[in-house]
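Here is the structure we will look at, set down as structure tokens.
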């Protein structure tokens, strides 16, 4: 089977890291990129140099209106570059892009993302939560994808991708009565470097580098969409903290069946070594956030940081590289849906 041909709309943090993940995994072929705000020579620079994940360990250049990305031992990607503001005008079909990653953060509904289909794309994967597109978390509910009807789908959020695999393992083994999630979350591009206006969410406009900022997140409620039996049982919030990358989920849950912390560790380790390998990982090391920069897993359970009050009430801690782990799942989701074409 030929590799799926992919287009990327929006060459920001996620767009660029999806391309890095595509090069590394060598499982999809990126054939087009669109970004109205970045010239092709600037794309080369932004892709080559990354303050968080380091310099790209390969070659990147441009020839005419094509980006040329290569890495030793991997396939070369010859990528047509577009600079269109209107997604309906991007000629995805002409460049052969069947699957479009919508990573601008702007076109996150079925109606808005549908514009990509007009340019010849067959499927759109939104790299953000969506109000109405079906959400899939690889390793949790990706097998519910329906090729005949699901043309615009969401890869959910980075936090949902961390929480859902953990919640699935716990719920499958012990049952979750209810739970509260907190994510201690790295800064993202929407935050301000210094205090500034921020619409209705005044706290969000405070300086990202000097504050711990309480914020809302739909990530926990979204788990109820990908694991229907947990619908209405989870909610959560976020603290934005002054670190550039890597976040951590704290899930505090009440369990139906009694379980010791050792019982919980055993089932998570079994899932991490077995059916969820590459999605969920397990560590007993004395780790901190920077140890997970560029980690490709969705969720890394921290056995040493997790605690139990009693056999029915536990606090479970799981790390995630909110940029790179997530970008790898975008590529995995495309690889999976391509097998259903």
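Numbers here mean position along the shown chain, with the first residue as 1.
Any Cβ shown, glycine's included, is placed from N, Cα and C.
Keep in mind that this is a model prediction, so the values were computed, not measured.
When 35, 41, 291 are compared with the NAD(+) site residues 13, 14, 85, 322 in Swiss-Prot, the one appearing in that site is 35.
In the record from Swiss-Prot, residues 157, 158, 159, 188, 217, 218 bind D-glyceraldehyde 3-phosphate; the candidate from 55, 240, 254 listed for the same site is 240. Taking the Cβ of residue 85 (NAD(+) binding site) as reference, residues of its chain lying under 8 Å away and at least six apart in sequence are, in sequence order, 36.
Restricting the recorded positions 35, 158, 185 to those with a CA within 10 Å of the CA of residue 240 (D-glyceraldehyde 3-phosphate binding site) leaves 185, listed by sequence position. By the criterion of other Cβ atoms within 10 Å of the residue's own Cβ, the least surrounded of the binding-site residues 13, 14, 159 is 13.
Residue 185 (site 'Activates thiol group during catalysis') has its Cα within 10 Å of the Cα of none of the binding-site residues 13, 35, 218.
When the Cα of residue 217 (D-glyceraldehyde 3-phosphate binding site) is compared against those of the recorded positions 13, 14, 35, 158, 322, the shortest separation belongs to 158.
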